[in-house]
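*Asks:* Structure in structure tokens, see below.
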């Protein structure tokens, strides 16, 4: 495996003025990125605890990542937009020696020695630093939601990141020195899919500002000014952008490669994208945070769209061996699997196994292997029981999306005394709803040919678009709040 830091340094030596990272009006060259990260690494040297990387979209967040990797301590990205109580939970769990605060604000909850951007800019530390990271070191820890309300810190090994990056570069058909688009916040592991493959291939990492997440017109302005080649995002963010009629190959001929991860890619959205960008390479990928971003991929073509009404997630990559339990739960084994949850042995033991030096992870996803392809069939914990019938909400959503009247759909269970009493469908219709009763009848008639009566939502709520979280995923919690009043 080729060391990422060595690749970055070699490219910086050969192309010092090439732009490495860009965010709105701020940018850093490769030489600046490597120099500034070396100055930070000198300050972190010898630390045995991960550095807290605090902030939001900015070039200096990348400086923080590379600096922490060089120092060998790794980093924990913490987004400023999350609640203060959650920040405190993460800080208490990590107990950091060092914090790199890339914002202009000060936060009482930050513990340890705090560095700012200005500290690094004005530092007299040397701009040369020999990377200390080892293959078995933890390179980053990303906190995800926990069922108990306490976030879980997923620890990823450096060798796993290097292997993932090499796989991404093998998939990449656009070549080196490309303009990459990253939509995801740094606290969401989808960002890893853009950051390291981009920089390891001498590309420019273009960061989508957080204000653009629910405003496709602002993104349109960005795409007009920068010839983006490679787009990395969630399917939901891309679907929102497809509301722009100008998002097509004729207007943006430089856009020739798409990578999607983080959620299921709806057939209708993929069909629209293939139609608008017929010459582009489009990848659907799948993977949990606990297995280094993504473990499968498939190139979406018209042939694949014609063959599969529900899209597969493809075949496994190096470092990931997939299988299912008797209950249909997907299990991942190999180098891609996380080292477990930071300081949480109980939760780690529940889903990870490290026997005989082989790492395995039970995903909680239902899956099947058919015709040489893997298919994700929803979450085990998205199962509900209604009138004695056990059912998958995502199965109902998939069938709703097959209807000619439905563009997007989420199914929300309605509870009374902790019991599901009926279902409501949150629907983005394909046309304006002028007659509520007629549209409801049409959709229910469509469902009756594919689902038993007990799985059909009692009623539907019409929405212009489904709200997204800051990560660019569909915000199920917000939809439920809107529906339940």
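Each residue, glycine too, has its Cβ placed from N, Cα and C.
Taken from Swiss-Prot, the feature ATP binding site covers 144, 145, 284, 285, 286, 287, 288, 289, 365, 473. The feature D-alanine binding site is assigned by Swiss-Prot to 189, 293, 473, with sequence analysis given as support.
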*Asks:* Taking the Cβ of residue 288 (ATP binding site) as reference, which residues of that chain separated by at least 6 in sequence fall under 8 Å from it?
*Replies:* 332, 361, 363, 365
*Asks:* Work out how many Å separate residue 284 (ATP binding site) and residue 473 (D-alanine binding site) at their Cα atoms, rounded off.
*Replies:* 15
*Asks:* Tell me, how many other CB atoms lie within 10 A of the CB of residue 284 (ATP binding site), whichever protein chain they belong to?
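*Replies:* The answer is 23 other Cβ atoms.
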*Asks:* Sequence gap of 6 or more, Cβ distance under 8 Å: name the residues on the same chain that satisfy this around residue 286 (ATP binding site), in order along the sequence.
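*Replies:* Those within reach of residue 286 (ATP binding site), by Cβ under 8 Å and sequence separation of 6 or more, are 261, 294, 295, 296, 297, 313, 314, 374, 376.
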*Asks:* Which residues of the same chain, at least 6 positions away in sequence, have a Cβ lying under 8 Å from the Cβ of residue 473 (D-alanine binding site)?
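*Replies:* Residues satisfying the criterion: 234, 236, 262, 263.
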*Asks:* Neighbourhood of the D-alanine site (189, 293, 473): other residues with Cβ within 8 Å of the Cβ centroid, in order?
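*Replies:* Those within range, site residues removed, are 184, 188, 190, 191, 192, 193, 234, 261, 262, 287, 289, 471.
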*Asks:* Return the residues near residue 144 (ATP binding site), defined as same-chain residues 6+ apart in sequence whose C-beta is under 8 angstroms from its C-beta, sorted by sequence, else 'none'.
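*Replies:* Spatial neighbours, sequence-distant, of residue 144 (ATP binding site): 151, 152, 154, 289.
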*Asks:* For residue 286 (ATP binding site), which of the three DSSP-derived states applies: helix, strand, or coil?
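*Replies:* The three-state answer is strand.
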*Asks:* Judged by the number of other CB atoms within 10 angstroms, which among 189, 365 is the least packed of the binding-site residues?
*Replies:* 365
